[in-house]
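Since the structure comes first, as structure tokens, the remarks are kept for the end.
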Amino acid sequence: MNLILFGPPAAGKGTQAKRLVEEKGMVQLSTGDMLRAAIASGSELGLKVKDVLARGDLVTDEIVIALIEDRLTEAEAAGGAIFDGFPRTVAQAEALDEMLAKRGVQIDAVVRLKVDDAALTERIAKRFAEQGRPDDNPESFKVRLEAYNRNTAPLLPYYEAQGKLTEADGMGSIESVAKAIDEALA
Ligand SMILES: Nc1ncnc2c1ncn2[C@@H]1O[C@H](COP(=O)(O)OP(=O)(O)O)[C@@H](O)[C@H]1O
């Protein structure tokens, strides 16, 4: 089973992906986590993307597609992946479909977490105060929301056309969102 957790920045994708991993034994593939790990390690890739992330812009399709491709064998061995923060552009979605097709598998479901902009902004302000993640500052967050609306939201009709899109209310508690995801998947 290959699943995409879809939604705007700070929708709670990472939190829910981690729970699904614990329950179902799949692998979480978060391009955001991979990029932050590269930055933390000081690798060449990390140096290249550090400022892009801090601004809230998207890194190039080429970079994230390569990161995902590197992990697909591992995901296959675990019985599937939960994609979190990927794909974020139509080009990434097309590349993912192709990479999976080559392996004889596909995306089985796309769960969209619906959270309104006011709630997202509130969550991020809180997280910024608590954790100080550089791209959670108000200006960068605005850029991230714009990138979502411009580049990522067009994936909704892409997956709708494939008949794979389901929606879950992402506004409640972690437990209630988990329940909504399970219902969407059932
Ligand atoms: N698929 C992707 N394509 C382009 N950039 C990405 C992608 N995934 C992550 N990034 C970069 O990493 C940042 C953090 O991503 P992520 O951890 O998914 O954050 P969030 O969902 O909280 O916005 C993004 O703002 C972007 O700069």
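Glycine is treated like the rest: Cβ placed from N, Cα and C.
Features reported for this protein in TrEMBL:
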type: BINDING; residues: A10, A11, G12, K13, G14, T15, R127, G172; note: ATP binding site
type: REGION; residues: 30-59; note: region 'NMP'
type: BINDING; residues: T31, R36, D57, L58, V59, G85, F86, P87, R88, Q92, R133, R144; note: AMP binding site
Distant-in-sequence neighbours of the region 'NMP' (30-59), which means Cβ under 8 A and at least six residues beyond its ends: 13-14, 17, 67-68, 84-86, 88-89, 134-135, 139-144, 147, 151
Rounded to the nearest Å - Cα separation of R88 (AMP binding site) and G14 (ATP binding site): 15
Cβ-based isolation winner (fewest other Cβ atoms within 10 Å) among the binding-site residues T15, T31: T15
Residues T31, R36, D57, L58, V59, G85, F86, P87, R88, Q92, R133, R144 binding AMP per the record - widest CA separation, whole Å: 25
Alpha-carbon distance [V59 (AMP binding site); G14 (ATP binding site)] in Å: 19
Neighbourhood of ligand 1 - binding-site residues from G12, T15, T31, R133 with Cβ under 6 Å: T31
A10 (ATP binding site) and T31 (AMP binding site), Cα-Cα, nearest whole angstrom: 14
Nearest of the binding-site residues (D57, V59, F86, R133) to A11 (ATP binding site) - Cα to Cα: F86
Cβ neighbours of D57 (AMP binding site) where a neighbour is any other Cβ within 10 Å: 15
Euclidean distance between Cα atoms of A10 (ATP binding site) and R133 (AMP binding site), Å: 12
Other CB atoms, at most 10 A from the CB of G172 (ATP binding site): 14
